[in-house]
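> Supplied in structure tokens, the structure appears directly below.
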Amino acid sequence: MSKRYAVVLAAGQGTRMKSKLYKVLHPVCGKPMVEHVVDQISTLNVDKVVTIVGHGAEKVQEHLAGKSEFVKQEEQLGTAHAVLQAKAELAGKDGVTLVVCGDTPLIEASTMEALLKYHHEKRAKATILTTVIEDPTGYGRIIRDDLGIVEKIVEHKDATEKEQRISEINTGTYCFDNKALFEALENVSNDNVQGEYYLPDVIKILKDSDEVVAAYRMESFEESLGVNDRIALAEASRLMQRRINENHMRNGVTLVNPENTYIDIDVKIGQDTVIEPGVMLRGETVIGDDCVVTSGSEIVNSVIGERVHVKTSSIFESKVGDDVQIGPYAHLRPESDIHDHVKIGNYVETKKAVVGEGTKLPHFIYMGDAEIGKNVNVGCGSIAVNYDGKNKAKTIIGDNVFVGCNSNLIAPVKVGDRAFIAAGSTITKDVPDDALGIARAKQDNKLGYAKHLNHGK
């Protein structure tokens, strides 16, 4: 097999995005669009990937570190000029080079592999990836002769009326013989209205030299969708989301309403899990088998075990074991570690908290910087008071502890195994094993005093 190279064009400014964020870094289903492109290329056994960067180069390099080499295009003088920046990296090498736009996040590895195969079969010096669309307005047209052989690419503004009726378009993805590409690039002119060097001109140069130029037509236009504004970004996200959701459903996940379910590309979901409408699963979240996630839930970069029921709750950068009940309206903040058979009820918030197996936090509870043992029951309104206005401190609760309602545990504090905290207590000292901790003012009833308060008839 000949050597394979790839050049990813990612230097455009993207002014139509009207954004401070560099265009190719806009996310599509949880990943910058240029990273979608590079990740697909990486599955093709490519020997070298070179990404052409320009505006926001440092940020692009951060996202693609370890996945690509980089060359900077100091001035944006057209697509041919951009590819020419890789001359020092690739010129003179035997093999084939893919050229792909970094703003086409829907392009798939299987399509690029088919393009490479077709290029090899046709013994071509250049092969254009094309597709057919109903309305080709604005796209370059593929002009073929009577035998179906590619003659040239004509830009829409330069096309005759007859040529404008052609529906086969240039997608902007190419496969070239590497040596032929860089030799032809040296002869591309900027003699045009924009004063730029255009990559399609390489096709004409090769044809004029009687080299074989082919065109591989793909079925799906959506893979070639380029993102130049927020409207196209939304469309690319919609199409990518459909692809992701259909893949999960084929693998045994029930999405009650896939059109209103938002799942990032790196999320993994087990079989027989049910995801209700309005759920957002972000980042590298992993959800096990037989779970239910109800409407309005958001789970980000978290690992969820099996048979977990998440009811309209938020989980961020946390770990949840098996057979856990969460919500409704619970909030697991980063570094929460919820063990098996735990109940996290409504309006419960945890942060940097370990919750032991079988423990119940039923409702209206805050546990931050806490370590809670097994089979603990924490009553409504209880708080691990972890912040003194300057420093955070830790609360440790042993196994088989009962914490009564409206208890304040003032950290740093430790409650021993099998201890009992009386309701309404403010605990400031450690409570030994098997002890009752009670810290509240003694009740004093003032007989007849209420008559003087005039609070009622």
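Backbone N, Cα and C atoms are what each Cβ position is placed from, and that goes for glycine too.
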> From ALA419, ALA423, grab the residue that Swiss-Prot records in the same acetyl-CoA site as ASN386, TYR387, ARG440.
ALA423
> Between the binding-site residues GLY78, GLY140, whose Cβ has more other Cβ atoms within 10 Å than any of the rest?
GLY140
> Need the DSSP three-state call for LEU9 (UDP-N-acetyl-alpha-D-glucosamine binding site) to compare against my parser.
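LEU9 (UDP-N-acetyl-alpha-D-glucosamine binding site) sits in a strand per DSSP.
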> If you measure from the Cα of LYS23 (UDP-N-acetyl-alpha-D-glucosamine binding site), which of the binding-site residues ASN228, ASN386, TYR387, ALA423, ARG440 is the nearest?
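Nearest by Cα distance to LYS23 (UDP-N-acetyl-alpha-D-glucosamine binding site): ASN228.
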> Excluding near sequence neighbours, so keeping only residues 6 or more apart in the same chain, what lies with its CB under 8 A of ASN170 (UDP-N-acetyl-alpha-D-glucosamine binding site)?
ILE128, THR130, TYR139, GLY140, ARG141, ILE142, ILE153, PRO200
> In angstrom units, rounded to an integer, how far apart are the Cα atoms of LEU9 (UDP-N-acetyl-alpha-D-glucosamine binding site) and ASP103 (Mg(2+) binding site)?
8
